[in-house]
Amino acid sequence: MVMVGNIKNNLFGWFRHSPPDALFDRQLVWIALCLMLTGLVMVTSASFPISSRLTDQPFHFMFRHATFLCLALGTSAVVLQIPLQKWQSHSHYLLGIAFALLVVVLIAGKSVNGASRWIPLGLFNLQPAEVAKLALFIFMSGYLVRKQDEVRATFFGGFMKPIMVFGALALLLLGQPDLGTVVVMLVTLFGMLFIAGAKLSQFLALMVAGITAVVGLILIEPYRVRRVTSFLDPWEDPFGSGYQLTQSLMAFGRGEWFGQGLGNSIQKLEYLPEAHTDFVFAVMAEELGFIGVVLILALIFSLVIKAVFIGKKAFEHQLQFGGYLAFGIGIWFAFQTLVNVGAAAGMVPTKGLTLPLISYGGSSLIIMSIAVSILLRIDHECRLISMGNKTDLQTDEKE
């Protein structure tokens, strides 16, 4: 027991405290790269059958995902050079761009399966909803820094204004329709307001209102009602509304403890729809088994915990904007992972959300890579402040 305790403490210490002389969090970089590599491998495996059928090229989606990955890494390298102050001062412009893109996609967007969520850009289809998530969280972080006292003191002045901004975004998103993104944004927004010190009574009242609104949005659309009913009992109509979920559950069952082996999934052979996108986790469960998916989930939630630690460090160094944004990114990644995994496992209705840094999709991969890059930038600026304080202290001691 003592040995286990020592290993646990050493592992936690290594995870929480990266080398003090480094200018960035190396552990966060390795975690993100491991998730991206896992995504490339699993997209290659899961997309093999559909690539062969649609393009006669079994590695078509692998090449596209690899291209997205290179774009994501290149974009992240550029974003890493941008100071936090620039993000804060230009947050309203980013939000304006997100609004414009959401309007464009409703007018000239590409429709897939009845949903108009993509703007064709040649190399890939841009999904404005992904841009809107990050833009809202950056804007909210700046707002909470400017209006922190109002958020804590008044209901309309500080609390309802950001909800109104979210409401405008939500209306455009529901026009696509994209309820899943709306729910992710709402939960993350609630979390950021709670961290900012919003009154618990107001927070709970708004949460009840939010849940009521989501339930109402489900009830007014027959296809959403079918999704919920099929999620509650997919075996009632296994070849109709419950088909995707029953195939996903069979993939989980076949995986058992150690999986069928990489590339050996049966469900991806035209049985499980969206095997390389929304339901890539089911293919992972079948091929890698319970042990494999637990390790991958541990990686994702390691990234989430890293975001929380970075946010805490930012608040300690008086980087309020960075603190709110780091916590927002952490909540976003955590909740979206829970929804994606829950949908694949039959615990929540399907929402069409990607598994962070793993699922196929250029917009999601690039935007989430940018979010990780911003986390690295927040940590970097905290380290620069610490190094500056340490240098000042050493100078004072010499004097």
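A Cβ is built for glycine as well, from the same backbone N, Cα and C atoms used for every other residue.
Taking the topological domains listed in Swiss-Prot, Thr55 lies across the membrane from Gly311. Here the transmembrane segment (321-341) does not touch the transmembrane segment (92-112). Their Cβ atoms form fewer than 3 pairs under 8 Å, with each pair 6 or more residues apart. Long-range contacts of the transmembrane segment (65-85) within its own chain (CB-CB distance under 8 A, at least 6 residues past either end) are made by residues 36, 39-40, 43-44, 47, 123-124, 319, 321-322, 325, 360-362, 365-366, 369-370, 372-374, 376-378, 380-381.
Taking residue pairs at least 6 apart in sequence, the transmembrane segment (355-375) and the transmembrane segment (290-310) share three or more C-beta contacts under 8 angstroms. 355-375 is the stretch from 92-112, 178-198, 200-220, 355-375 with the greatest number of Cβ pairs below 8 Å to the transmembrane segment (28-48).
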